[in-house]
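Undergrad: Found this in TrEMBL, in case it helps:
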DOMAIN    5-378  domain 'Metalloenzyme'
BINDING   Asp13, Asp326, His327  Mn(2+) 1 binding site
BINDING   Asp285, His290, His338  Mn(2+) 2 binding site
Amino acid sequence: MQAFKRAFIIVLDSFGIGAEPDAKEFGDGDCNTLRSIVASKEYDTPNMKKIGLFNIDGVGCGTPEAQPIGAFARLRELSRGKDTTTGHWEIAGIVSERPMPTYPDGFPPEVIAELEKAFGRKIICNKPYSGTQVIHDYGREQKETGALIVYTSADSVLQIAAHEDDVPVEQLYDYCRMARKIMQGEHGVGRIIARPYVGEYPNYTRTSRRHDFSLDPTGDTMMDALVRKGLATIGVGKISDIFAGRSISRTLGINKNNEDGMEKTLKLMDEDFTGLAFVNLVDFDMQYGHRRNIDGYAKAATVFDRQLGEFMAKMKDDDILMITADHGCDPGAPGTDHTREYVPLLMYGKHVKAGLNLGTYPTFAMIGATISDMFGADLYTKGESLLPRIIG
């Protein structure tokens, strides 16, 4: 008899738990997102603590739970990257052996020329930039000339910003779709991101109508495996965008914020389905990690943990919960970029062994392998299923 009917994976975007051995190769030192936020007076996560967050090998902070109620592990990223797309793809089963292209000096002239030809508009900026600073510095020129602000970051992204009064959002999305067709192969960045903004100089603000246009996944995912079995794969937040919509049977759309994402997930628990709910909570990364806001990050973790308590109380006997992350973004580290870190794996449910320390595993793909095994679906991946070990 199948132990689990519904699996819920909640990705706390950027919730790293300590530097990986190769962190220096990625420009990171002694980074530890969890350690940074635990030191804040705003931090209080009793439910994650109960499951076993501070019992995970090597976290180096917090007080371990005497009798954890869940199973827990530390996962290392096998892929050569530390970005959202690479991390989520690896969770789902794809290990990216080559990093996606990045552009520390901006995009080459031939790429810009092809984009300008497709858009019928000039491009300004073309360099790595903070998303809020770029509209401050280039927003007036964009409005006055009708050009498009194209910029990048340390991640494999091409971002297009325009004022909503000058470029309607749907038109901006069309430009992103054009860019997605162009940015393939050698220049196949992980994501093309629409960045609409509003307001008057110097008080421009980005709107919530951001949209990501990802590469198609380069291999088989746990969602592909489940869909082949006729099972549900429900995305909450930007999950559908990250996987270019592939094998997502239903999406609940972009979250207004983390709390909204959890409210959607709590409502989803009232539905009868068999399969996977895959949830991304991006505010940890977008609002607090990149902005190096330790107290904001800590408070967001506290708010999530309160909603986690509601989630755990609603779980059915044949549900399983997995909490993990896609990379780090240590708000206590120098700079503004992601950090190369281990991520947690917290598992909880009636049929999950309590107090089980699974140690450290070499890939996030353990999750995809476990989910596929749980539902009797075939997935070729470098991860191995934890199912035989966790069933209690």
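Even glycines carry a Cβ here, placed using N, Cα and C.
Quick one: where do these features end up spatially?
TA: In three-state terms derived from DSSP, Asp13 (Mn(2+) 1 binding site) belongs to neither a helical nor a strand segment and is classed as coil.
The Cβ of Asp285 (Mn(2+) 2 binding site) lies under 8 Å from the Cβ of Asp13, Ser14, Thr84, Cys329, His338, each of which sits 6+ residues away along the same chain. Secondary structure from DSSP puts Asp285 (Mn(2+) 2 binding site) in a helix.
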Undergrad: Which Cβ among the binding-site residues (Asp13, Asp326) has the fewest C-beta neighbours inside 10 Å?
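TA: Lowest Cβ count within 10 Å among the binding-site residues (Asp13, Asp326) is Asp13.
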Undergrad: Around the C-beta of His290 (Mn(2+) 2 binding site), how many further C-beta atoms are within 10 angstroms, looking at every protein chain?
TA: 21
Undergrad: At the level of the C-alpha atoms, what whole-angstrom distance separates His290 (Mn(2+) 2 binding site) and His327 (Mn(2+) 1 binding site)?
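TA: Rounded to a whole number, the Cα-Cα distance is 12 Å.
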Undergrad: State the count of C-beta atoms found within 10 angstroms of the C-beta of His327 (Mn(2+) 1 binding site), not counting that atom itself.
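TA: There are 31 such Cβ atoms around His327 (Mn(2+) 1 binding site).
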Undergrad: So what pLDDT does the domain 'Metalloenzyme' (5-378) average out to?
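TA: A mean pLDDT of 97 is what the model gives the domain 'Metalloenzyme' (5-378).
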Undergrad: Count the Cβ atoms, other than its own, that fall within 10 Å of the Cβ of His338 (Mn(2+) 2 binding site), considering every protein chain shown.
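TA: A count of 32.
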